[in-house]
Amino acid sequence: MAKVRTKDVMEQFHLELISGEEGINRPITMSDLSRPGIEIAGYFTYYPRERVQLLGKTELSFFDQLPEEDKKQRMKSLCTDVTPAIILSRDMPIPPELVEASEQNGVPVLRSPLKTTRLSSRLTNFLESRLAPTTAIHGVLVDIYGVGVLITGKSGVGKSETALELVKRGHRLVADDCVEIRQEDQDTLVGNAPDLIEHLLEIRGLGIINVMTLFGAGAVRSNKRITIVMDLELWEQGKQYDRLGLEEEKMKIIDTEITKLTIPVRPGRNLAVIIEVAAMNFRLKRMGLNAAEQFTNKLADVIEDGEQDE
């Protein structure tokens, strides 16, 4: 899991630092935010102190009505040694009790001009993206007709050469050799290339080429949601391969299962065209058009008609 610090959030959203500067390197370990309204009312039994605290007009207007002694005590309880930051929305005035408590405990107090709900959604999306579970897979990721296709297989089977042919046919390369994958949601996997090898493609006998330089900016993209895996393997004599496409194989990446197709490789097979058509067929299946099922139904009808004629 990637590390996010308060400083990263401050720079990403151009937040104004009010106090507690010594704590800007505190780690943020979860994407959930806290609106500490009930805590300001005095109930701290289940206070999620490890979350980023977000104060809006509702919380601060209630806080203004508290007695002076209660104000100091509530802010001291709000600013703990593990609280990453306290953020105020709408450029609202900062209570002096909050500034004092934040300086004592080193909790950064930040301010944003955004409305509370808008700031909350943006913060949550940013943290979920940065804190998502990640992994790396040896393969090639290509955007084919809007379908994110992860091409896997043993080294030397022809993944990069296939990707090069797909790029020449107008599709877009995302990553070659190493694909960094993060799970942004329960069923959403997004892949990208490591910074070091972004836009690069390695072809045996040719070396490393820069796809963006050779084919233009339209031939690459920085990231893509992965929707199907195509595993290339050398053709094994006697092994039974799927010839109808009725059964779907699944592959688990992190906690998400996605469709996997095994494509046998042998001389004379145009892998780029096969993968291209497989991506198009996958889109058709998602639209409810399954050629294999239609063929099976027609075959069953023909057999049934033949039995009736007898």
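Cβ coordinates come from backbone N, Cα and C, glycine included.
Quick caveat, the model's predicted, so the values are computed rather than measured.
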The annotated region 'Important for the catalytic mechanism of dephosphorylation' range in Swiss-Prot, which must be one of 156-161, 234-239, 264-269:
264-269
Between G158 (ATP binding site) and E202 (Mg(2+) binding site), what C-alpha distance do you get in Å?
11
Taking only C-alpha atoms and a 10 A limit, tell me which of H138, K159, E202 are near G153 (ATP binding site). These are the recorded positions.
H138, K159
Along the region 'Important for the catalytic mechanism of dephosphorylation' (264-269), what average pLDDT does this model show?
82
To test your reading of the ATP site: which residues beyond G153, K154, S155, G156, V157, G158, K159, S160, same chain only, put their Cβ within 8 Å of the Cβ centroid of those residues?
L232
Given the recorded positions H138, D177, E202, find the one whose Cα is closest in space to the Cα of K154 (ATP binding site).
H138
DSSP-derived structure type at K159 (active site), helix or strand or else coil:
helix
So which recorded positions out of H138, G156, S160 end up within 10 angstroms of D177 (active site, proton acceptor), measuring C-alpha to C-alpha?
H138, S160
